[in-house]
Amino acid sequence: MGSLGEIAPEETSNKPPGIKFVEHIKKSPISFKTHQVIVLIVTFLAYASYHAARKTTSVVKSSLDPQSQDLGLKFAPWRITYLQSPPETRKLSWAPEDGWAPFSGSDGTALLGELDVAFLAVYAMGMYFSGHLGDRLDLRIFLTVGMVGTGVFTSLFGLGYWGNIHSFYYFLIIQMAAGLFQSTGWPSVVAVVGKWFGKKKRGLIMGIWNAHTSIGNITGSLVASVLLSYGWGWSFVVPGVLITFFGLVVFFFLPVSPEAVGADEDEDEDEPQSPKKIGEALEVPFLRSEKMGNKDKAVGFIEAWKIPGVAPFALCLFFAKLVAYTFLYWLPFYISHTAIDGKYLSNETAGNLSTLFDVGGVVGGILAGHISDRLNARAITAASFMYCAIPALFFYRSYGHLSLPLNIFFMFITGMFVNGPYALITTAVSADLGTHSSLKGNSRALATVTAIIDGTGSVGAAIGPLLTGYISTKSWSLVFTMLMGAALIAGLFLTRLVVCEVTEKIEESRSQGGSPATRSSSPIDEV
């Protein structure tokens with residue numbers, strides 16, 4: 001009955017067309033382990049393509065708005081030729097140093113900041129609804145629609161170049177629609193992975209899988225930077241086509257659950273029903289199996305806030321993502337407007353250089369997860385990384401412009417300490433709190449808990465880039481002061497949990513002389 005050889009008609013009807021075709025060619029069913037590998041690869045590529053499409057805006061910023069500003073250093077003048085040139089010479093006579101109206105005006109930087117906050121605000125609100133819908137719809141279809149929609153609106157932004165469109169509201173509406181479709185990504189991929197991998201598979205597999213966010217950012221930066229010299233529109237259209245292509249890959253090859261493809265769950269020792277949070281940006285609901293029925297009562301929104309540890313980590317993530325997303329959207333712009341060793345880098349070079357921040361983020365995320373596992377201390381690890389981010393930010397701003405090697409070194413270190421706690425909270429911490437001991441085994445709290453944590457964090461992600469758009473017109477030193485203050489506040493929100501974990505460690509060390517204290521839960525459970 002549960003074997004791969006005997007599959008019910010309703011199960012085969014839910015099989016992705018690509019899986020059916022491969023099995024037809026092989027003349028034998030695909031194994032459970034092979035399905036798991038397919039899930040990891042397809043969901044990794046899917047969410048990486050989401051971030052690649054999201055990253056393009058930050059790379060193109062410096063070309064849309066190349067005006068000179070007082071950034072706390074002496075800057076050479078930049079040409080703004082669009083408004084100064086006669087109308088007949090404006091159409092498609094764009095060069096990277098020309099800028100693009102309406103962003104080439106004196107308020108261009110602020111307008112770009114407004115685009116960011118519009119995108120992220122819709123994204124933050126959309127994630128709650130996307131998680132709710134994802135539990136009730138076919139995730140393969142839902143994710144495909146989200147990816148194709150993201151590709152369409154990302155490309156429409158770029159088509160403004162060939163259409164010679166200079167209306168701010170056109171770009172604003174496009175970004176808001178893109179944010180709505182982008183919100184489908186995280187809930188869907190996490191729900192699918194949660195169906196195929198249980199708690200025992202969460203460690204190394206999820207740590208590596210979580211790198212999709214940074215890999216997507218790096219890919220988006222490189223692609224957008226290379227294409228920028230051909231016209232900024234290509235920097236949007238190509239990533240848009242790319243995510244559309246991977247959306248089709250999802251449609252043809254993503255098995256959303258063992259039940260959907262008739263796989264035998266007994267082949268895997270773990271229960272593939274435990275939900276998990278992995279990586280960027282959004283937290284998602286638990287995709288429960290039909291067998292569960294109504295055994296557990298879903299935890300309410302207010303009740304979930306009262307779970308010990310949820311509020312501190314949610315507020316910590318608010319400020320952590322404020323810092324992380326400010327770098328995501330403004331780092332290439334900052335680099336191109338900062339004289340490094342007395343020289344200004346081209347927009348393409350600045351976009352390529354900014355990828356080192358994400359490389360540091362990959363290392364930081366894996367390192368934070370490993371340390372917290374070894375210490376069994378999530379709050380201590382997250383708070384320590386946030387406090388270390390403060391001097392990293394200071395040194396990057398103060399000494400990063402002295403030479404290119406120094407800029408690269410401090411950028412990497414900053415990415416490691418900024419993205420480390422961000423990745424930790426959106427993965428292990430969310431999973432821990434979603435199965436908190438106070439819930440007495442109720443597994444239907446994870447969706448609400450993770451939505452609260454990531455939703456709160458995404459609000460901070462929207463505010464950071466918006467404030468940067470305004471503050472950077474006065475001084476980038478003020479921007480970095482804001483980021484250092486945010487990192488400090490993020491760490492302080494975890495103070496009570498840190499004290500709890502330190503107390504627990506002291507009690508453990510004292511008990512080692514007598515009967516060893518055995519613990520099955522994190523100190524977070526005891527707060």
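Yeah, the Cβs are placed from backbone N, Cα and C, and that goes for glycine too.
Annotated in TrEMBL:
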type     : residues : note
DOMAIN   : 41-503   : domain 'Major facilitator superfamily (MFS) profile'
TRANSMEM : 37-53    : transmembrane segment
TRANSMEM : 110-129  : transmembrane segment
TRANSMEM : 141-162  : transmembrane segment
TRANSMEM : 168-192  : transmembrane segment
TRANSMEM : 204-228  : transmembrane segment
TRANSMEM : 234-254  : transmembrane segment
TRANSMEM : 310-330  : transmembrane segment
TRANSMEM : 350-368  : transmembrane segment
TRANSMEM : 375-396  : transmembrane segment
TRANSMEM : 408-433  : transmembrane segment
TRANSMEM : 445-471  : transmembrane segment
TRANSMEM : 477-499  : transmembrane segment
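Contact check: the transmembrane segment (204-228) against the transmembrane segment (375-396) gives fewer than three Cβ pairs closer than 8 Å, residues 6 or more apart, which falls short of the contact criterion. The listed stretches are 110-129, 168-192, 234-254, 310-330; of these, 310-330 has the most Cβ pairs under 8 Å to the transmembrane segment (375-396). Here the transmembrane segment (310-330) does not lie next to the transmembrane segment (168-192) in space: the count of CB pairs under 8 Å, restricted to residues six or more apart, is fewer than 3. Of the two recorded stretches, the transmembrane segment (234-254) lies close to the transmembrane segment (37-53), with three or more CB pairs under 8 Å once pairs fewer than 6 apart in sequence are set aside. Taking Cβ pairs closer than 8 Å, the transmembrane segment (141-162) reaches residues 46, 49-50, 53, 56-57, 92, 94, 100, 130, 133-134, 170-171, 174-175, 177-178, 180-185, 188-189, 192, 231-237, 239-244, 246-248, 250-251, 254 in its own chain, all 6 or more past its ends. Counted over residue pairs 6 or more apart, the CB atoms of the transmembrane segment (168-192) and the transmembrane segment (350-368) come under 8 Å in fewer than three pairs, which marks the two as apart. Counting residues 6+ beyond its ends, the transmembrane segment (37-53) has Cβ neighbours under 8 Å at 19, 30, 143, 147, 150-151, 154, 178, 182, 185-186, 189, 192-193, 196, 205, 209, 212-213, 215-217, 219-220, 223, 239-240, 242-243, 246-247, 249-250, 253-255, 279-280 in the same chain.
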